[in-house]
Amino acid sequence: MVKAVAVLNSSEGVSGTILFTQDGAAPTTVNGNISGLKPGLHGFHVHALGDTTNGCMSTGPHYNPAGKEHGAPEDEVRHAGDLGNITVGEDGTASFTITDKQIPLTGPQSIIGRAVVVHADPDDLGKGGHELSKSTGNAGGRIACGIIGLQG
């Protein structure tokens, strides 16, 4: 069993912990607890770079090793890092579990060392018709992020 963690920080008062686990070649399970967000849907993605020197802006684009267009987690055509939306309750917190086969913790396409990002707005899953739908899901600004690191 491989385990990883990302601790989310932001200048906007958002904080949280995202745990990743993968058993062999099985899909990766993502368990998250985040607080300080506005209620509603927020885009949630793995971004290509584990660089936070300029805050969440330096994490690069969505992780996309296959060079595909943006989509929903269940779509065949999607970025590997497209994990859809998280739902934030009226109290500003989100607790969620995602299982995904395109974000391995080992091998050449591992997400270790990359970043996880929470966006300000809902991800339209590539179906919104906006000019940014097919690249970012038109999910708005990056309000919290953390680097995915191996856990002992």
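In case you wondered, yes, glycine gets a Cβ from its N, Cα and C as well.
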Candidate from His62, His70 that Swiss-Prot assigns to the same Cu cation site as His45, His47, His119: His62
Alpha-carbon spacing, His47 (Cu cation binding site) to Cys145 (disulfide bond), which is rounded to whole Å: 9
Candidate nearest Cys56 (disulfide bond) in space, where candidates are the binding-site residues His45, His62, His79, Asp82, His119 and distance is Cα-Cα: His119
Pairwise CA distance, Cys145 (disulfide bond) versus His45 (Cu cation binding site), rounded so that it is a whole Å: 10
Minimum Cα separation from His45 (Cu cation binding site), reported as the residue among binding-site residues His70, His79, Asp82 that achieves it: Asp82
